[in-house]
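J.: I'd like to ask you about the structure that follows.
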Protein chains: 2
Amino acid sequence: MVVVERIQEMKDIVKKLRKEGKTIGFVPTMGYLHEGHLSLVRKSKSQNDITIMSIFVNPIQFGPNEDYDRYPRDFERDKNLAEKEGVDYVFYPSVKEMYPDDFKTVVSVKKITDIMCGKSRPGHFDGVATVVLKLFNIVNPDRAYFGQKDAQQLVVIKQMVKDLNLDVEIVPCPIVREEDGLAMSSRNTYLSGDERKSATVLYRALNLAKDLIEKGERNVSKLKKAMEDLILKEKYTRIDYIEFVNYDTFEPISKVEGKVLIALAVFVGTTRLIDNIVVEV
Amino acid sequence: MVVVERIQEMKDIVKKLRKEGKTIGFVPTMGYLHEGHLSLVRKSKSQNDITIMSIFVNPIQFGPNEDYDRYPRDFERDKNLAEKEGVDYVFYPSVKEMYPDDFKTVVSVKKITDIMCGKSRPGHFDGVATVVLKLFNIVNPDRAYFGQKDAQQLVVIKQMVKDLNLDVEIVPCPIVREEDGLAMSSRNTYLSGDERKSATVLYRALNLAKDLIEKGERNVSKLKKAMEDLILKEKYTRIDYIEFVNYDTFEPISKVEGKVLIALAVFVGTTRLIDNIVVEV
């Protein structure tokens, strides 16, 4: 496995691989790898000749009062995990390399970013779209792998790829969960022992909604209320949002119909966690 | 010469050309071709195996009260001119093809768009950056050719290419002028006979500033005042802006020093014209 820190070097490697006719799978990450990331690597390896992983904690997708500085980082650990999993290249640029002092360009995907995480974290998805476009231009992949956990991110990236006429195929991968249902996230390391117990309530609330829907409930207000009650019974919790959207249009709905994404963000202590499920009726 | 109307077809052609090892030069235009455009084609043909021209009047770079609807269009004429000049492919997409109903992405280059045309035409350069990025992704050129007349556009495109890690080389080409000095522009067709005479004042004002600088004047306020006086003596004129900026940083200056771009926009009747020169002291 080769670690590449410079953009031009990464581009030169990719150009050579392309000339040799190799297909390239790309797994963009912010590091502090967990099973979720590794499942993306496995998927990429099953579909491409070469797998490139990027590890870059992207400053411009964090708000001024968010956790950019304390976001967990451990490159040696990540490098070992990536190597064991069979990653061919790790692209590991510095912030200066990605954003030189005179950097001035922003990529925005409108409308679908007005709700959910886009509403709670202004500018977040501009930062995501901008860095992902840069990474796509550097790595030039045939396919790129994203976890369903960041459901809105996935929709934003797909829209950007379509709108900007990029050739990369976006491959969504299922959420990987701990045994008790908590969706894997690098941010889970922030949780204290007690908070960690409370954190299972996100997935339980999603499953509660699913059960109620299976029993015939279609009213989104009532479903939200039931989820809220369950979440707020738990210690340390504060709800950021609970949202029901049409799976295809990403527009909020008031009645459950067709394919629906149920998504939520909950603070457990000071840690903001997200999760989601898809239901179809 | 082949006319291509569909994005996927253009992409397929480009992919084939690339496989054959051909280099591609790209000349993006809004059509209604004049000598300025054709000079870009000649430059492209001298540097590349294949020259692709796009003809697309890009709606999203026009403001709500601007001239999108009346912008001159004559595809048959353009096609003949392009063919005579040796263009290999004309990419001529519809608005629906470029911007389907669910289009949501905007590319913005910040700061350097806060002045001059960016200030007078809010959103204009977002529209330019977005369409040029789309076109680059469709045509995948080695080199792209832009006229110096749109000096700010050139700086915006260069910045975007650098920031987004694109591989295309941006080739600036000199302004082509009528015999009396008027910079060529598709919008010159809007001018009545009398307005056409007044319109030469843009270039005369730029040359006045150049002469005064050669004689030792360095004070930008005084230089602007002299240009204003000359322009307002002319009939039908209304000044949009006169700006002196550092050629490299594109920051407004108050004292002429080093390489300087002098740019102006003037309404002649209802027609907004732009022009610029570079001076070095």
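Yeah, the Cβs are placed from backbone N, Cα and C, and that goes for glycine too.
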J.: Among A:122-149, A:206-233, A:234-261, where does TrEMBL put the label coiled coil?
T.: A:206-233
J.: Take the coiled coil (A:206-233) and average the pLDDT across it for me.
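T.: Here the predicted model's pLDDT, averaged over the coiled coil (A:206-233), is 98.
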J.: Would you mind reading off the Cα separation of A:M30 (ATP binding site) from A:H37 (active site, proton donor), to the nearest angstrom?
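T.: Counting only the Cα atoms, the answer is 10 Å.
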J.: So among A:H37, A:Q61, A:Q153, all listed as recorded positions, which is physically nearest to A:S186 (ATP binding site)? Use the C-alpha atoms.
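T.: For A:S186 (ATP binding site), the spatially nearest of the recorded positions is A:H37.
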J.: Can you grab the distance from A:Q148 (ATP binding site) over to A:H37 (active site, proton donor)? Cα atoms, rounded to a whole Å.
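T.: Cα-Cα distance, A:Q148 (ATP binding site) to A:H37 (active site, proton donor): 11 Å.
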J.: Give me the Cα-Cα distance between A:V176 (ATP binding site) and A:H37 (active site, proton donor), rounded to a whole Å.
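T.: Taking the Cα atoms only, A:V176 (ATP binding site) lies 9 Å from A:H37 (active site, proton donor).
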J.: Could you say whether, by DSSP, A:M30 (ATP binding site) belongs to a helix, a strand or a coil region?
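T.: Assignment for A:M30 (ATP binding site) reads coil.
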